[in-house]
Amino acid sequence: FGSLLGLCLATQILTGLFLAMHYTSDISTAFSSVTHICRDVNYGWLIRNIHANGASFFFICIYLHIGRGLYYGSYLYKETWNIGVVLLLLVMMTAFVGYVLP
């Protein structure tokens, strides 16, 4: 699942960059910029859907990766497991900042 995580992360970064090129965060124009992305940008609706659904698939892959680590007893490798827990917390904080706060 590590390779799927890498693929999901690369897809999220690319689609996020493409969406950020057309998005404005001003309170009066934010909704119209999303409408602009979906209607006027070539395949903007597809980029937006890939970005939204890719985030869900990314977390599914993370949970499967953690489940595999639990099944095979990888938690016995303390340093590696703790780094993974820190990475999971960072990913969850980033998702909160990117989804809830805007």
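Just so it is clear, glycine is given a Cβ too, placed from its N, Cα and C backbone atoms.
Bear in mind that the values here come from a model prediction, so they are computed numbers and not experimental data.
Look at Swiss-Prot and you will find 1-21 (among others) tagged as transmembrane segment, backed by sequence analysis.
The transmembrane segment annotation in Swiss-Prot covers 45-66 (among others) and rests on similarity to another entry. Away from its own ends, the transmembrane segment (45-66) comes close to residues 1-2, 4-5, 8-9, 11-12, 15-16, 18-19, 34, 37-39, 84, 88, 91, 95, 99 of its chain (Cβ-Cβ under 8 Å, at least six residues beyond either end).
What Swiss-Prot records for HIS51 is heme b b562 binding site, and it gives similarity to another entry as the kind of evidence. Sequence-distant contacts of HIS51 (heme b b562 binding site), defined as residues of its own chain at least six apart whose C-beta falls under 8 angstroms from its C-beta, comprise GLN12, THR15, GLY16, LEU19.
As annotated by Swiss-Prot, heme b b566 binding site applies to HIS65, with the evidence given as similarity to another entry. Listed in sequence order, PHE1, GLY2, LEU5 are the same-chain residues six or more apart from HIS65 (heme b b566 binding site) with CB atoms under 8 A from its CB.
Look at Swiss-Prot and you will find 81-101 (among others) tagged as transmembrane segment, backed by sequence analysis.
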